[in-house]
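A.B. asks: Mind looking over this structure? Questions follow.
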C-alpha cells in the first residue's frame with residue numbers, strides 16, 4: 001500500500017472510532033457548585049476558588065487556622081472566651097445609672113471611650129477592600145473613590161440560589177415584602193423619646209456622604225469625600241461651591257427675609273436644585289445638597305449651618321483682620337466640620353445608644369493607638385442607614401398638622417414660621433421606632449422597596465453572614481430574629497431558611513432591645529461605620545488637631561464646646577426648646593431654656 005493511500009485512509013479510520021472518554025460530557029450531569037457559595041471560611045477568612053470545585057481559605061491574621069479558619073490560636077480562644085456578648089454589654093451600659101454617674105466623673109470614662117473607639121473602628125477594613133466590580137483585592141478598589149466600598153464580597157453569580165446555596169430559588173417580591181412586614185399599621189413611637197429634630201438631623205447629616213450616582217448605578221457615589229466634609233453645605237464640587245460663596249470675608253451667600261438670614265435663591269446662586277416644576281427660581285433656596293428643598297426640616301438645618309458659617313467668619317475676621325476671603329472660608333469650614341463631629345458623637349450617637357456612659361469627642365484618645373485617618377463609605381452602611389420608620393404620620397407645627405402632601409416641597413413654611421418655631425415644633429414631636437418592623441408610613445414605603453431591590457443588584461450576602469462578620473452569633477430561626485411567631489412563620493414561608501434572609505429586612509425586622517429604638521445588629525454594625533468615619537476625619541489626626549488649624553484658641557474652643565443648643569441659639573433671636581429627644585412631661589411648663597453666651 002502506498003504511503004499516499006495510507007495518509008488518505010487514516011482520517012477516515014479516525015471518524016469511525018468512538019470518541020475518547022476524556023472529551024465526553026454527560027449533558028445531564030449537574031455543574032459543580034462554586035464552593036465559595038457555601039461561605040466555608042469563618043472568622044473573616046477569605047475564600048479563594050481553585051479549579052471548579054476546590055477552594056482554599058486564607059486565614060492570615062484572623063487569629064484562626066485550619067481548612068476553614070475555625071481553629072483558634074491560644075490568645076484568640078482566651079479573648080473570645082472572656083469577651084461578653086453584645087447584648088450583655090448593652091445591658092450593662094443601659095442600667096445602673098448611679099454607677100455610670102461615678103464613671104463619667106473619673107478617668108475611667110476616657111479609658112472606656114478609647115476602648116469603644118478602637119474596638120469598633122478595628123471592625124472596618126482600612127484601606128478599603130472590595131467594591132461592586134471587584135470581589136477580590138485590587139488597585140481599583142483602593143484608588144477609585146467613585147465606588148462605594150463593601151465589607152463583604154458579593155454573592156457569587158453562579159450560586160444555586162440568589163443568596164448562596166440556601167433558601168428558595170427566587171426571592172420574595174420586594175413590594176410585597178415591604179407591604180407585609182414594613183408598612184405601618186399604627187405609629188409606634190421610639191421608646192427612647194427620639195424626636196423629629198433628630199430625624200431631620202440624621203437625613204441632613206448623612207446626605208453629605210450618601211449620594212448614590214443615578215447615572216453610574218447603585219455601587220457608585222458622587223460624594224467623593226467619603227465622610228464628614230460638609231459637602232451638603234458647601235457643595236460636592238468646586239463649581240457649586242463657588243456659586244454659593246459670597247467671596248467676601250469668607251462668607252456664603254444669603255438673603256434677608258423678614259429680617260432673618262436664609263439661604264440665597266437659585267436666582268442669586270444659580271445651582272441645580274431639585275424642586276417640582278412650576279416653582280420659580282426666586283422661590284427656590286440654593287444650598288450645597290440639591291435635594292434639600294424636599295423637606296422643610298432639611299432646609300431648616302441648611303439655614304442654621306449657613307448662619308453658623310457666616311457667624312464663625314465674623315469671629316475669625318475679628319481675630320485675624322489680615323486674613324483674606326479664602327483663608328477665612330477654609331478655616332470656618334474646618335471649624336464647622338469639628339462642630340459637626342462633636343455634636344454627632346456627644347449628642348446624636350448618645351441619643352441613639354441610650355447608654356449611661358457619656359460619649360466623648362476627644363481625638364487625643366487615639367493618638368497612642370494604631371489608627372488610619374482615612375475613610376471610605378461602604379454600600380452596607382448606606383443600606384443600613386435608611387431609617388424611614390423615624391418619620392411620623394403627619395407633621396405638627398404650632399396648632400396645625402401637615403400631611404405629607406402639604407409638607408413635601410413646602411417652600412414657604414420655613415420663612416412663614418421662622419427657624420425658632422420649627423426647631424421647637426420638631427424637638428417636641430416624637431419620632432418612630434426604627435426596629436421591629438411595620439412602622440414605615442405608606443407615603444415613603446417606596447424607599448424601602450427600592451433599598452431591597454438595590455441590595456439585590458449589589459448582591460449583598462445574607463444577614464447572618466454580616467452578623468458573623470461583626471462578631472455576633474448568627475440567628476438559628478426566624479422566631480429568634482423577630483421574637484414572635486406570626487411574622488417568623490411568614491418569613492419562613494417566603495425565604496425558606498434563616499440563612500437566606502436579606503440584609504436590610506433583617507435589620508428592620510430584628511426584635512429591639514428592651515426600651516430601645518432598634519435591635520442588636522443595627523448597633524453592632526452601625527457603630528463601627530459611624531465611629532470610624534467620624535474619628536477617621538483628617539481634623540482628628542495629630543497633624544490637624546491643634547489650635548492653629550482652627551485659627552487659634554477661639555476657633556479651637558468653638559469645636560471643643562459645640563452643642564446642638566449653641567448651634568441653634570447662637571443663630572436665632574430667641575432660644576427655643578432644642579434637643580434630640582422630646583421634653584420630659586414634668587418640664588413642659590417650666591420656663592424656656594436660657595440663651596447660651598454669645599461667645600465662647
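The backbone N, Cα and C atoms fix where each Cβ goes, glycine too.
Taken from Swiss-Prot, the feature signal peptide applies to 1-24. Per Swiss-Prot, the feature domain 'EGF-like' maps to 32-70; the stated evidence is sequence analysis. Marked as disulfide bond by Swiss-Prot: 36-47, 37-159, 41-57, 59-69, 569-575. Under the heading N-linked glycosylation site, Swiss-Prot lists 68, 144, 410, citing experimental evidence as support. Positions annotated as transmembrane segment by Swiss-Prot: 74-82, 86-92, 97-105, 108-122. Under the heading site 'Not glycosylated', Swiss-Prot lists 104, citing experimental evidence as support. Marked as active site, for cyclooxygenase activity by Swiss-Prot: 385. According to Swiss-Prot, the heme b binding site annotation covers 388. What Swiss-Prot lists as site 'Aspirin-acetylated serine' is 530.
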A.B. asks: Counting by DSSP secondary structure, give me helix, strand and coil numbers for the domain 'EGF-like' (32-70).
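C.D. replies: Result for the domain 'EGF-like' (32-70), in helix, strand, coil order: 4 helix, 12 strand, 23 coil.
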A.B. asks: In the same chain, which residue numbers or ranges, 6 or more beyond the ends of the transmembrane segment (97-105), come under 8 angstroms Cβ to Cβ?
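C.D. replies: Tertiary neighbours of the transmembrane segment (97-105) are 112, 355-358.
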A.B. asks: I want to check the contact list for residue 69 (disulfide bond): same chain, sequence separation of six or more, C-beta distance under 8 angstroms. What comes out?
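C.D. replies: In sequence order, the residues whose Cβ lies under 8 Å from that of residue 69 (disulfide bond) (at least 6 apart) are 41, 42, 43, 44, 45, 57, 59, 62.
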A.B. asks: Restricting to the domain 'EGF-like' (32-70), report the mean pLDDT as a whole number.
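C.D. replies: So the average pLDDT across the domain 'EGF-like' (32-70) works out to 96.
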A.B. asks: Taking only the recorded positions 36, 144, 530, 575, which one has a CA atom nearest to the CA atom of residue 159 (disulfide bond)?
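C.D. replies: Comparing Cα positions, the closest of these recorded positions turns out to be 36.
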A.B. asks: Say you check the Cα of the residue listed as 'active site, for cyclooxygenase activity' against those of the recorded positions 36, 47, 104, 530, 569; which is nearest?
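C.D. replies: In terms of Cα distance, the residue listed as 'active site, for cyclooxygenase activity' lies closest to 530.
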A.B. asks: Going by a 10 angstroms cut-off between Cβ atoms, which of the recorded positions 104, 410 has the sparsest surroundings?
C.D. replies: 104
A.B. asks: Near residue 530 (site 'Aspirin-acetylated serine'), which residues of its chain come within a Cβ-Cβ distance under 8 Å, counting only those 6 or more away in sequence?
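C.D. replies: Expected: 344, 349.
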A.B. asks: Measuring CB to CB from residue 37 (disulfide bond), give everything in the same chain under 8 Å that is also at least six residues away in sequence.
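C.D. replies: Same-chain residues close to residue 37 (disulfide bond) (Cβ under 8 Å, separated by 6 or more) are 155, 156, 158, 159, 160, 164, 165.
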A.B. asks: Measuring Cα to Cα, how far is residue 68 (N-linked glycosylation site) from residue 47 (disulfide bond) in Å?
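C.D. replies: Between the Cα atoms of residue 68 (N-linked glycosylation site) and residue 47 (disulfide bond), the distance comes to 9 Å.
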A.B. asks: Taking Cα atoms as reference points, which of the disulfide-bonded residues 36, 47, 569 is nearest to residue 388 (heme b binding site)?
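C.D. replies: In terms of Cα distance, residue 388 (heme b binding site) lies closest to 569.
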